[in-house]
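Listed features, source Swiss-Prot:
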type	residues	note
DOMAIN	9-245	domain 'ATP-grasp'
BINDING	46, 53, 54, 55, 100, 103, 108	ATP binding site
BINDING	200, 214	Mg(2+) binding site
BINDING	265, 322, 323, 324	substrate binding site
């Protein structure tokens, strides 16, 4: 689960981190009032969406007058912002931040942290190249990224933060400020089950103070049950509608950009199914794992979610019956096809528990379903059907 910038800043501020002050506005009148509250001379206005690249997409603007504020608010609020991190539809802009103008600054740094699966530790990253996409820095000048792995038994140590501060070229009081910021960030990360944390830029102002100008926070969704305050910050309008619907039925669904819908039981088999579709020249439209304990109702809903994607031109159902019986899956497929007006080819591959009975039910249903005898056969048939 992602947080908006204003939510992330409010959370980090609770841990004593210095953040750029800003006021949330949902319309032009509120934006003007916020502008005046901040002095009425200069302010930075930022669209609140769960995506990076807002500046290049027109989602950030410096306002020097009320007219600038009104124009930006009216043009951006209740529209959709398309950035390099969104799909073609973009993300809905329901609000903006009117923030204090902290420029000019002396330097812009970067500070971030992730859960590194290879080291199985929280890993901090810092760079002197703040204010730009960190992915670009990592690709072009990886030597400019400083990494620190944190031992979970002892936590982040002050000496580690000081070493990063020295590497960033900070001096005197700035070192102490940075140590406090990095330690507070680690505390916030652990206590709120962050999956991702990013301050870009972390600005060094002309008076020497260090300030978090932007904040990006992602929360581990599996931990939300124990984080009621954080869970209440969830903005469902920023999430894919199909993924949101899938979560209500405990379905693991991720929307992709292809045209072949996939329904599989088991994450590994789902990945293999997408791979073999690509191998035969197709493009998967989604990842969908109905799980080992799939019920008839969940399978029907999964079918509906797949077909709700208008780009889907064919569906591959790949079920290996273990805990899930293939005859139950077959009954669910028949019910779903009868309930939903299916106009695209559907290829079904059933193996394992009651596979023969499942295949018999499908054959006797009278529906136009394409049977497959193996994974390769299924992929070849669905790709051919889509291209026909």
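Glycine too: its Cβ is placed from the backbone N, Cα and C atoms.
Feature map: annotations from Swiss-Prot on the structure.
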residue	record	DSSP class
46	ATP binding site	strand
53	ATP binding site	coil
100	ATP binding site	strand
108	ATP binding site	strand
214	Mg(2+) binding site	coil
265	substrate binding site	coil
322	substrate binding site	coil
Which of the binding-site residues 46, 322, 323 has its Cα closest in space to the Cα of residue 200 (Mg(2+) binding site)?
46
List the Cα distance (Å, whole number) between residue 324 (substrate binding site) and residue 55 (ATP binding site).
48
Residue 100 (ATP binding site), number of other Cβ atoms within 10 Å:
16
State the count of C-beta atoms found within 10 angstroms of the C-beta of residue 54 (ATP binding site), not counting that atom itself.
21
Using Cα coordinates, what distance in whole Å links residue 46 (ATP binding site) and residue 322 (substrate binding site)?
51
Compute the C-alpha separation of residue 265 (substrate binding site) from residue 53 (ATP binding site), stating it in Å without decimals.
36
Measuring CA to CA, name the entry from the binding-site residues 214, 322, 323 that ends up nearest residue 53 (ATP binding site).
214
So among the binding-site residues 108, 214, who's got the most Cβ atoms within 10 Å?
214
Residue 214 (Mg(2+) binding site) and residue 100 (ATP binding site), Cα-Cα, nearest whole angstrom:
12
Cα distance (Å, whole number) from residue 214 (Mg(2+) binding site) to residue 55 (ATP binding site):
12
For residue 214 (Mg(2+) binding site) and residue 108 (ATP binding site), what Cα-Cα distance in Å is obtained after rounding to a whole number?
11
Of the residues named as substrate binders, 265, 322, 323, 324, how far apart in Å are the Cα atoms of the most distant pair?
10
Find the shortest Cα-Cα separation between residue 323 (substrate binding site) and the binding-site residues 54, 103, 108, and name the residue that gives it.
54
Rounded Cα separation (Å) that holds between residue 322 (substrate binding site) and residue 103 (ATP binding site):
61
